[in-house]
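J.: Residues or ranges marked as region 'Disordered' in Swiss-Prot: 1-21, 230-254. What Swiss-Prot lists as compositional bias 'Low complexity' is 9-21. What Swiss-Prot records for GLY90, LEU95, ALA142, GLU143, ARG157 is S-adenosyl-L-methionine binding site, and it gives sequence analysis as the kind of evidence. Taken from Swiss-Prot, the feature compositional bias 'Basic residues' covers 244-254.
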Amino acid sequence: MPEGDGVPRETPSPSVVPESPVEVPVEAVARVFGDRADRAATYRELLATAGVERGLIGPREVPRLWDRHLLNCAYLGEVIDQGSSVIDLGSGAGLPGIPLALARPDLQIRLVEPLERRYTFLREAITELGLRDQVAVARGRAEDVRGEFSASVVTARAVAPLKTLYGWALPLVVTGGHLVAIKGRSASDEIAAAGETLRQMGVTAAPEVLSVGPDDGTGTTVVRVARGHGPLRAATAPAPPGAAKRRPGKGNRR
């Protein structure tokens, strides 16, 4: 499934990791992750090794894990209130949930992922990173955890176009909370295409397109949607996460 931020989340059974030198953006890492910068470096290494070996991260992504993945995801913290509960829907290899947890120790985060091999990686990663008191992992699709879990913020990256994502994510958001989705240049087009879905669901607030992180072109574009305080209505139901055919970068292999 083509996704707005253009980020490949998986690749078929990679066997070679590029040996290109990796430039660490030391100042940005220190600023964003603070005294957890060493844990962020450990997570980056997990993605570059086990993440690639298990097909969760494409080998060509390794040289840009810091900028395009860890920092890119951690910047979401700029639009999330202090002490919020967060569900990271379709977490994959932990993006954006794990970088967000590392950058924001005040958040309580639940990673929701339907596929077993990704779920296993996530459990191993949060243990390795010492995040078990802050981050939990649930295996399932959005409709599997609906009614069991909810949060003040639901995050998503490279999961689905907004037209589909609204129906999966907004029912997991508590009244007054937000959906925060990482999107790229397609954000405005996706918002326009999904307008009728929001109307069907009874959401009246207009989605916001926000830029977080540096203003030098390396920041992150996000779409933030307020859940509101009224009841949600069912929109035309899309197929659940995991049932939709994913693009080659996000296969459904176990």
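Count begins at 1; order follows the chain as displayed.
Quick reminder: no glycine exception, Cβ is built from N, Cα and C everywhere.
Remember, it's a predicted structure, so these values are computed and weren't measured experimentally.
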J.: Find, among the binding-site residues listed as LEU95, ALA142, the one whose Cβ has the highest number of other Cβ atoms within 10 Å in the structure shown.
T.: LEU95
J.: For LEU95 (S-adenosyl-L-methionine binding site), name the DSSP secondary structure in the helix/strand/coil scheme.
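T.: Its secondary structure by DSSP: coil.
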J.: Within a 10 Å radius of its Cβ, which of these binding-site residues (GLY90, GLU143, ARG157) has the fewest neighbouring Cβ atoms?
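T.: Fewest other Cβ atoms within 10 Å, among the binding-site residues GLY90, GLU143, ARG157, is found for GLU143.
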J.: In DSSP terms, helix, strand or coil for ARG157 (S-adenosyl-L-methionine binding site)?
T.: strand
